[in-house]
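Okay, so here's the structure we're looking at.
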Amino acid sequence: MPIDLYYSPSSCPCLSIRMLAKTLGVQLNLKETIIRNGDNRTPEYLKMNPQHCIPTLNDNGFILWESRAILGYLVDQYGKDDSLYPKDPKKRALVNQRMYYDIGTLYPKFIQFYMPILYGGNKPDPAHVAAFGEPMEFLETFLEGQQWVAGDHITIADYTLVSTISNMESQLPQAGHYESQNEFVPAVCVMTTTRISKNMQQVQIASDCPNASTRRLNLYSLPASCPCLTIRMLAKTLGVELNLKEIILRNGDNRTPEYLKMNPQHCIPTLNDNGFILWESRAILGYLVDQYGKDDSLYPKDPKKRAVVNQRMYFDIGTLYPKFTQFYMPILYGGNKPDPAHVAAFGEPIELLEKFLEGQQWVAGDHITIADYTLVGTISNMEAVGYDLSKHPNVSRWFSNAKKNISSYNEILPPGIASLAEIIDFYYSVASPPCRSVLLLAKALGVEMNLKNVSVRNNETKTPEFLKINPQHCVPTLVDNGFSIWESRAILGYLVNKYAEDDSMYPHDPQKRAVIDQRLYFDIGTLFPRLREYLMTLRSGKTPSAEVIAKLEEAFQLLDKFLEGQDWVAGNDITIADYAISISASLAGVLEYDIGKYNNVTKWLARAKKTIPGYDEVQDAGNAELKKIFQSK
C-alpha cells in the first residue's frame, strides 16, 4: 500500500527520504506541499501535524514528521536487514550522533546562509559563508580513515548528510568571490561532497532477508563474565540468537523477586528458552548443542566421548576456575594487589590441563567440543591478568588454535574480558541542560559514570586530548571503554540500548521509536534553540523581541499539543524524549518565562519531577550554576 509523503521537491530532508525509499523499494505517494501557499497550515494538515512542517509521512494512519526520524522508521519497518540503521547499540549511536550533527550543526548553517537568498533575494552574507568552515571540518574529521560518515558501511546518516552537502554544493558557487575568503574552506567542501556523492552511487540493496526462523532466547548475563561469554560464543557458532539481558550484581538485579522466582540460586548466566529456565553455564552449553546443534560433534552422544567432555567441564568448574576467582576477585572488587600464593596456585591446575592436551588437539580428544569453549574462557581471563602461558607448550598451542577455530572469539571474548576494567567517562558541565538529561538517565538506569567536569568557558574542550575524543569539542561527551559519543540525545539512546534492562524508554518497535525520535528532533531543532535564543537575548541586556517571544510561544504550544490526552511526550510511557525535553522546558523557570498557560506542559513537568530519580537534585545544582553564568554576563 503506497505511503503518503507530504513534501517539497527542493527540500533537502524530503529528498533524503525519497532516496532511501527508492533504495528500500518502498512506494511513496508524493503529495507536494507548497509552504508559500499555506498548504501546511490548513486545518486538515494541522490535525495531521500540528508542527506544520515537511516532510510528513502517513503510513496507513501512522503519522510521523522530521526527516531523520522518518529515515529510521523506514529502515526499521521496511528494511530487509538493519545495515542502513544497525541495531547494534554502538553502531546505531554513531549513526544517531551523525544525524544530530546534521540537524543541530551543519544543516542550520546551510539554512542560515541560504534562506535569505531564497526568500529575500539577498546576496550571500560573507559571515554565513565563512560559518560553513567549522562544521565541514567536523565532517572531514568524521570521514578520516573510513568510507562512510558512521563507519565502513553506508547508513541513513549518509542519506541525510548527502542531501545537505548536495544542496550546499549547488548553492555555494553562487557565492562568487566569497568562495575565496580565508574563513571558508572550499577544498574541504568539494572533497567531502565528491567523496559522499561518489559513495552514494555504490548503494545496493541486499537481497537476502534475515532468517525469520531464528528463535530468540533470553540470556541473563554480565558482559565481563567468562561463563556468560562462552555461552555467547557457542550460540554464535550454532546460529542461535540470544536476547541479552544485562544483570548488574552490584545493583541487586539478581535478588529481585522476579529473578529469584526464575532462579532461586540467583546466579548468572541464566537462560530462558520459551519458559524453560536453566542456569550454570556448562549445563547451558550442553543444552544448546542438544537442542539446536546440527549434529552432536560439539557434545557427542556416545557415552564415553560425552563422559570425557563432562569430566573436562567439571575440571574447569571444580578446579581451574575457582583458582582463577581466588586470585582475581580480591583485585576486581577490593583493588588489592595479586597475592603471590594465589598466583602460585595456578600452577597445579594448569599442569593438569597440559597433561590432558598431551598428544591431542583439543581438551577432550581430536575434535573441538563445548569443553574447549568453557576452558578457553577461563584461560583467556588468566592471560588477560598477566599469567604467562608460554611455560605450558600444550596449553599455548591449544589456546592459539582455539582462538582461530572459534569464529566468534575475537568478537566476543576479548571485548567482554576488557569490560572488567570498563569505566564510563562522562565529560560534562552541570550548567548544561543537555548534560543534565544524561546524568538523570544514567541514574535511572543504574549506570555508574566517572564524572569529568569540563569548563567550556576556559576552553577545556579545545585541548589536544579532548579534541582527540571529540573533534566537535562540545559537551556532553561520553567515553565507554574507548567508544566516544557526543550529543546528549544520541547518548540517551545509546545508554538505553546498551544498559537498560528492557526497551521501554526507547522501544525497538519502529513506530514507537520513530515518534520518540521525532520528539527528540523537535527538542534539538525547535524548542531548545528558541529557549537558547531567548536566554542569550536576556544575557546581552536586551529585551526579547516580539519575534523571539512568538517563536518560543509557538514551541511551547506545539509541546502542549503533543501532550494532549497522554501522560508523556511520546505516549503513555516515559521515554528518553521526556528526559531530554523536560530539562529543556524547565529552562523557562530560569528565564522567568511563564508557562502556566500551557496546562498540559505544566502537569507533565510536575509529573516528570516526581517520576525521574534525582530530578530536583540535578536540576537545582544545574540551574544555580546557570544563574551564576547568566548574572556574570
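All residue numbers here begin at 1 and follow the chain in the order shown.
Yeah, the Cβs are placed from backbone N, Cα and C, and that goes for glycine too.
TrEMBL: automatically predicted annotations, no manual curation.
Remember, it's a predicted structure, so these values are computed and weren't measured experimentally.
Annotation comment: TrEMBL describes 1-82, 215-296, 422-503 as domain 'GST N-terminal'. What TrEMBL records for 88-247, 302-434, 509-630 is domain 'GST C-terminal'.
Across the domain 'GST N-terminal' (422-503), the model assigns an average pLDDT of 90. Here the domain 'GST N-terminal' (422-503) has, by DSSP, the following mix of helix, strand and coil residues: 34 helix, 17 strand, 31 coil. Taking DSSP states H, G and I as helix and E and B as strand, the domain 'GST C-terminal' (509-630) has 91 helix, 2 strand, 29 coil.
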